[in-house]
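Engineer: So TrEMBL says this about it:
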| type | residues | note |
| --- | --- | --- |
| REGION | 1-41 | region 'Disordered' |
| COMPBIAS | 7-24 | compositional bias 'Basic residues' |
| COMPBIAS | 25-34 | compositional bias 'Basic and acidic residues' |
| DOMAIN | 74-239 | domain 'Bms1-type G' |
| COMPBIAS | 415-436 | compositional bias 'Low complexity' |
| REGION | 415-498 | region 'Disordered' |
| COMPBIAS | 457-492 | compositional bias 'Acidic residues' |
| REGION | 616-662 | region 'Disordered' |
| COILED | 992-1026 | coiled coil |
| COMPBIAS | 1027-1037 | compositional bias 'Basic and acidic residues' |
| REGION | 1027-1061 | region 'Disordered' |
| COMPBIAS | 1052-1061 | compositional bias 'Basic residues' |
Amino acid sequence: MEAEKPKRAHKKRHAGVKAKKKKDKATGKVDRHNPKAFTFSGGVQSVGKRVRYSLEKAAKKDRAPKVDKNPDVPPPFIVVVQGPPGVGKTTLIQSLVKHYARQKLVQMGGPITLVSSRARRITIVECSQDMSTMLDLAKVADLVILMIDASFGFELETFEFINILQVHGFPRIIGVLTHLDAFRDNKQLRKTKKAMKHRFWTEVYDGVKLFHLSGLQYGRYHRVEVQNLARFIAIAKAPLLSWRQSHPYVLALRWEDQTDPTLPREAPRQLDLYGYVCGGRLREGTQAHLPGVGDFTLAAIKALPDPCPHPTEVEAERNKVQGKKVKKQNVLRSLAERHRVIYAPGSEVGSITVDSDAMYIHLPEVQVGFTERQGETKDGELPEAVKLVRAMQERDGGLDQAAAARPGLRLLSGSSVRLPEAGSNPAETEAEPPAGRRARRRAPDLDSALPAQRELDGEEEADEADGGASANDEDGEDGAEGEDSEEAEEGDAEVRRRDVLETARRRFSKAAKLEDLIYGGGQAGGAAPGAGPDAAAVSSSTQPTDHKAIPLFDDDEDGPGTQLHTHLEGPLSGLLGNMGDLDGMDTARMPVLPGENDILDEEAKETLKERKFITGGWSSAEEDEKVEGDDAKAPEGAKATADGADEAGSGGPGAPTSVTRGSTAALEGFSDGMPIAAFVRIRLQDVPAACVAEMKRERPMILGGLLPGESRMGLVQVRVKRHRWHPKLLKSGDALLLSAGWRRFQTVPTFSLEDRGEKRMRFLKYTLEHAHCTMTSYGPMMPPNTGVLAFRSWQKVGHFRICGTGGVLESAPNFKIMKKLKLVGEPYKIFRNTAFVKNMFNSDLEVSKYMHTKIQTVSGIRGEVKKAEGSTGNFRATFEDRILLSDLVVCKCWINVEPKKFYHPVIDVAQWRPARLIGELRAAQGVPVPENKDSQYGKQFVRAERKFNPLKVNKKLQDALPFQAKARAKEINTGPLREKAAIVSSERERSVNSLLERLQTVKRMREKIKTQASAKKKAIKEAREKFIQEKRDERTREAKKKRYKEQGQLEKKRRKNLQMD
């Protein structure tokens, strides 16, 4: 193979401009600062313009610095989902919950808090079409998702909510188009998307995100579309709004009525609100406003463990339990399953539902084997546990009644213990356990265990390692006895039922109310002082007992709150009621009762995880801690409640000192109020019972803090403008509904306008058409720049409900508003520059008050009021010139207008009624509108035109005038006499005129025929010339084509001869 030729090397330039530049650059001789290149041109004026322009441009970029008060772990990001009914709000929330928490949201009610990313938690709230709900949520929302039905288009409620957001801070907005699967034509779909995007950008701002949800899949939106939306939600930034930065507020995730049940229903209620502190520190004893209810003093504030902890807090607590010392907890690299916590107390997540009375676990029908299903035969083999429960369901009365009817009944086979006779002591009838079986020991203290221990009988299972049989074996098998014992047990079913009744009689001697077991409230059933330990009833929180109380929620505390007890004592019928009624009961809605399995068992943990009872995973402290020994052997410092609630209210010596999800000691005792992002319980006293009765879990509740000066009443000036979509102007004196700050109230406005050049507020009867004016109203004082919305009514009407928008200018006890008044009088006597005027005043007292006031005629002659004449209101006035009797004398004056002090707060109850307008009252009562003659558009008075006599100038004065001002004599142009005389023609003249007319007609016809003939000839000639030109052009084209062809052949032959091809 022939060797490759070496490539030619690059030859550097040694001469020229580039070579010289490189050489100078290497030696450092290049001058980098050319004085002629960086200078101003155009003289002094150009320099000044450029400097001013640069300074103005820099000044426009200046912004007042805003300080973010949120801590490193901020409160949950509030996301509001708004849209018309049927647009898909609930479906979107279910899809987001499935994406974030990996759980199914069966039923929604109230806010939902969950972990959305490594560094953020979000609270999702659904916004209904109620105007009060839209107003409240717009004031606290960090991100708003506007749902729009693409098949229908924009609705008025969507634009109303956008305007509400603009006035109250304008948070981040994301639009979502749904029902796109209704379009069958792709071209129409593209046009609709483009039009709605352009309209949405016009209302919000250019570039706002607009997502498309094409359709449903398995009852939810497509996973990829939801994932794209969730990514934008996770990275959205909350705007730093001045109102929220200066006012603390709490979005109540749940609320409870803690009023004493012995009080009457109409008595004021005691309300507890649970939520995260946002905006600023919340202090006990300060004023706060509950929209739709009123102002309250915060009676008590207590920090509670976070029910939805931040992932960094979970990791920090886990490192603390494991003994790892980490100087700074960095942002997590990924979100583990234990971090995906969801807190939705008013919703049904997975199989858990919470209401105001209890917590419910929904079990699928395939997993409920104790209730007989329809169509099931009784001949099939069933486990012994199923048979036993079904036998108890078939009984008519309770277990205590069955035990009384059959004394000596045994609960379990092989048991020598029988139910005692009536009047005997149950403690004396206890016998030793049968031989060959291990004595049961008491379960260890579960203060530091997980919050789901469920024991019904209070006894620990037999140790399987010792060969004993499990009493809770669902298969009904006994591992120590084998098949023979199974057959023996099948034949002795009746004996076992008697044993069950006997054990129930022994274990439950007194009735315990389920309400007292769940909510506390003293000793259940009133146990006798001499009863044994097994017969002891549930005691109050001030008396230590063997059973332990586990809160339903992470934010509960001790006291008469909702609690689940791990150890219940009392008759079985008092606890479970009539067992025969369970056959027809919906077991999916049964309240959660203590179960039978030990929660420390790993298998039970997994079972509870599958039930979605524990959403955040098991705590590391609970996994590492091993409970050994009895209660007396357990160290006091290792005891903790099941889900981290503080049990200090129990008063027992073994009160827990630590919690699983963060210690409450770090949250309590704030001298400067509760910090931002703290989960607190706020107690409100004297809440009206009617308002509490109207509260619903689906409707969000907001508690907004008030600054010290915002509770005082006074006049507030607002710079307001009528909304361009409202059909009518606003009138002074007509009541309006205002939304300002946290409040919603009704007031009577007074509109005014500041006069130019004068510091005076001039009264306006109506608002301006397309300009701002000032509205003065009575109500609570508010800081400047507070957004204000005005409404005529909140009821659904056919037009736009928002009638005005604006912002607060200032607040003061009083404002001076002047109304312009014109007093008109008529002169009745005139003496040179003096005149007597009547019909302007009614008495001499009024005249004396207006002494030396300036007056003016319509023609512009100025004057002054001098003195009253008589007692009828006539007066003498002087003018700068003589006036006429036909002139009208006008006195311009100003009077003070006092704004009406009317304040009617909006209460969210059915009985609340707003103040109606005068027109509405007249329409309701059938009263006609009063007629004023001066206001009617009837026959108007027309003043007769005044005729003045001609001005006469004497001869001497005319001669002294200049030439241009002298009067000129005008010539009379009478014209010829023929124009005025009548024309009479003779017979000959008429025949001559007739002949001339006929000749003119013939001439016109000949000219017409000649013109037509020449036009025809011209057309024929043009057509012939056109034909000849076309033939000539064709021959020219053929000749050119032939010539070009010959030239090409000659060129080709020449190139061939020269061997160029």
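A Cβ is built for glycine as well, from the same backbone N, Cα and C atoms used for every other residue.
Curation does not apply to TrEMBL; its annotations are automatic.
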Engineer: State the residues, same chain only, that lie 6 or more residues beyond the ends of the compositional bias 'Basic and acidic residues' (1027-1037) and have a CB under 8 A from a CB inside it; answer 'none' if no residue qualifies.
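Structural biologist: Distal contacts: none.
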Engineer: Between 0 and 100, where does the mean pLDDT of the coiled coil (992-1026) sit?
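Structural biologist: Taking every residue of the coiled coil (992-1026) together, the mean pLDDT is 95.
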Engineer: Would you list the DSSP helix, strand and coil counts for the residues of the compositional bias 'Basic residues' (7-24)?
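Structural biologist: Tallying H, G and I as helix, E and B as strand, the rest coil: 8 helix, 0 strand, 10 coil.
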Engineer: Per DSSP, what is the residue tally for the compositional bias 'Basic and acidic residues' (1027-1037) in helix, strand and coil?
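Structural biologist: So the counts come to 11 helix, 0 strand, 0 coil.
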Engineer: Could you give the number of helix, strand and coil residues in the compositional bias 'Basic residues' (1052-1061) as assigned by DSSP?
Structural biologist: 6 helix, 0 strand, 4 coil
